[in-house]
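Let me begin by presenting the structure, written as structure tokens, before commenting on it.
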Amino acid sequence: MARYIFITGGVVSSLGKGLASAALGALLQARGYKVRLRKLDPYLNLDPGTMSPYQHGEVFVTDDGAETDLDLGHYERFTGRPATRQDNITTGRIYQDILTKERRGDYLGATIQVVPHVTNAIKDFIVDSNDGYDFVLVEIGGTVGDIEGLPFFEAIRQIKNDLPRGDVIYIHLTLLPYIPSAGELKTKPTQHSVKELRSIGIQPDILLCRTDRPIPKEERRKLGLFCNVRESAVIEARDADSIYAVPEAYHAAGLDDEVLAAFAIAAEQPPALERWHQINERIRNPEGAVTIAIVGKYTGMKDAYKSLIEALSHGGIANKVQVKLDWIESEVFENEDPAPFLEHVNGILVPGGFGQRGAEGKIKAAQFARERDVPYFGICFGMQMAVIEAARNLAGIEQANSTEFGPTAEPLVGLMTEWLRGNELERRSNAGDLGGTMRLGAYPAALKRGSRVSKIYGDVLEISERHRHRYEVNTAYKDRLEQHGLRFSGMSPDGVLPEIVEYEDHPWFIGVQFHPELKSRPFEPHPLFSSFIEAALVRSRLV
């Protein structure tokens with residue numbers, strides 16, 4: 001039967017509960033245990049699919065097509081276990097399910113209340129389908145004291161009494177701020193946070209304290225005394241030079257030992273952390289460096305590209321080089337020559353996105369990469385802009401554009417329903433729902449034999465990758481584009497939807513309709529990112 005570890009946060013948000021959960025999961029996994037990680041999000045949205053990247057950051061898509069919190073990306077990268085839609089739930093989804101049941105009459109006329117109906121739904125989600133796992137780690141989003149989080153805290157309080165004694169522990173992630181004028185770390189915010197947690201019936205077993213310096217013995221003693229935890233359970237979570245150094249750092253601080261002790265489990269063997277050590281050695285001692293320009297529209301919010309950043313670092317790990325990122329707002333190129341911004345870089349990546357803002361700048365970035373032989377990686381929207389660039393500047397289709405931006409005489413890119421219905425432009429109503437209208441999750445793609453991408457994937461002819469898009473490249477223009485050198489080297493197995501384009505006579509120019517960054521791991525870098533960084537490394541030696 002699974003044991004449960006609940007991770008809560010206090011004092012301030014954005015302390016890294018997701019990363020802490022992922023690192024602890026990796027440590028338990030390294031000891032031979034089977035782990036599952038889940039995330040409870042207290043916001044009222046059904047999912048983050050329609051939320052602004054500036055507010056929520058990246059939307060992480062699972063194989064089964066769920067749009068989830070970016071923390072699930074950390075879970076996958078650290079444990080290697082693919083997440084599913086059953087690993088993330090929001091208040092909005094819970095209320096939707098409850099109200100659907102109420103309208104259906106499932107509650108037999110009962111008054112629907114937060115306790116017990118909402119809390120029971122949360123508990124049912126937490127314990128569902130956990131057979132075969134030794135530990136289930138459950139992260140509660142937000143901080144203690146947030147009004148929207150109260151039903152979740154009440155549910156995890158109740159669940160300790162529902163399960164056998166000793167099967168549940170609570171870890172509280174908190175902040176120890178350093179006050180320069182006083183010259184000391186302050187424990188009072190943590191004390192108040194734990195007091196708030198205890199007021200709703202939850203006593204933390206372990207305090208995980210974020211800090212930028214060692215915790216003095218006196219402060220550790222004070223935290224243990226006033227927060228009612230063992231002194232050994234006050235764990236120092238120092239800032240690390242890389243997120244992949246966190247598992248080793250947490251082990252050195254005693255987190256996994258303290259977790260096992262809280263469950264009364266004897267720690268017979270230390271965790272096998274050799275591969276983590278090897279990864280960190282490569283990160284700390286690179287044999288070179290490459291600079292990649294990311295030409296996007298959310299560059300002011302790096303969390304919008306979290307998986308992309310990590311996938312590029314994985315490509316660097318595979319090639320033993322440091323990957324430096326040059327963030328460029330694509331709108332800049334609409335009024336300025338891209339050359340001064342891009343001449344010094346070793347590779348250009350145009351990531352996914354939605355909407356017209358900055359689109360012309362991305363097209364100019366693709367043109368610069370094509371004409372100057374700079375490695376180019378276009379992902380989703382980045383592939384579509386590369387196709388439009390080829391249509392305009394190689395095939396002579398001057399009005400080539402996307403129907404996403406409005407009516408166009410030459411719809412190189414449009415809604416999938418448009419092309420599947422014989423190019424009769426059929427558009428979703430502007431008043432319609434945005435949620436649930438995309439191609440989401442893992443889909444297969446057939447690769448052309450002998451193509452560059454086929455070789456990158458290891459000479460395979462079929463792959464499976466995760467998608468998140470409404471628009472597709474129009475296959476009616478496929479032959480004209482191929483006549484001018486843009487090869488459609490990957491298609492859906494039925495030949496209807498373009499998946500990959502490339503230039504054979506370019507050092508490295510690939511556009512993909514899917515999101516390969518979502519499947520990259522530090523120990524298994526995605527082959528496209530490894531190859532892209534390798535091409536950038538070759539470019540760096542030529543410039």
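Yeah, the Cβs are placed from backbone N, Cα and C, and that goes for glycine too.
Of the residues K123, K160, K222, Swiss-Prot places K222 in the same UTP site as S13, K186, T187, K188, P189, T190, Q191.
The ATP site recorded in Swiss-Prot comprises S14, L15, G16, K17, G18, L19, R238, D239, A240 together with one of D63, D64, D69, D71, namely D71. Site annotation for L-glutamine in Swiss-Prot covers Y54, F381, G382, M383, Q384, E404, R470, and the matching candidate from G25, G353, G441 is G353.
The recorded positions in question are E139, D239, E404, E517, and the one with the fewest Cβ neighbours inside 10 Å is D239. The Cβ of I147 (CTP binding site) has 8 other Cβ atoms within 10 Å, all protein chains considered.
Taken together, the residues in the region 'Amidoligase domain' (1-265) have a mean pLDDT of 95 on the 0 to 100 scale.
Closest to E517 (active site) by Cα-Cα distance, out of the binding-site residues S14, G18, K186, T187, is G18.
Ranked by how many other Cβ atoms sit within 10 Å of their Cβ, the recorded positions K222, R470, H515 place R470 at the bottom. The binding-site residues shown are G16, G353, Q384, E404; of these, the one with its CA atom nearest the CA of P189 (UTP binding site) is G16. Every protein chain considered, the tally of other Cβ atoms within 10 Å of the Cβ of T187 (UTP binding site) stands at 24. Same-chain residues at least 6 positions away in sequence with a Cβ under 8 Å from that of K186 (UTP binding site) are, in sequence order, L176, P177, Y178, I179.
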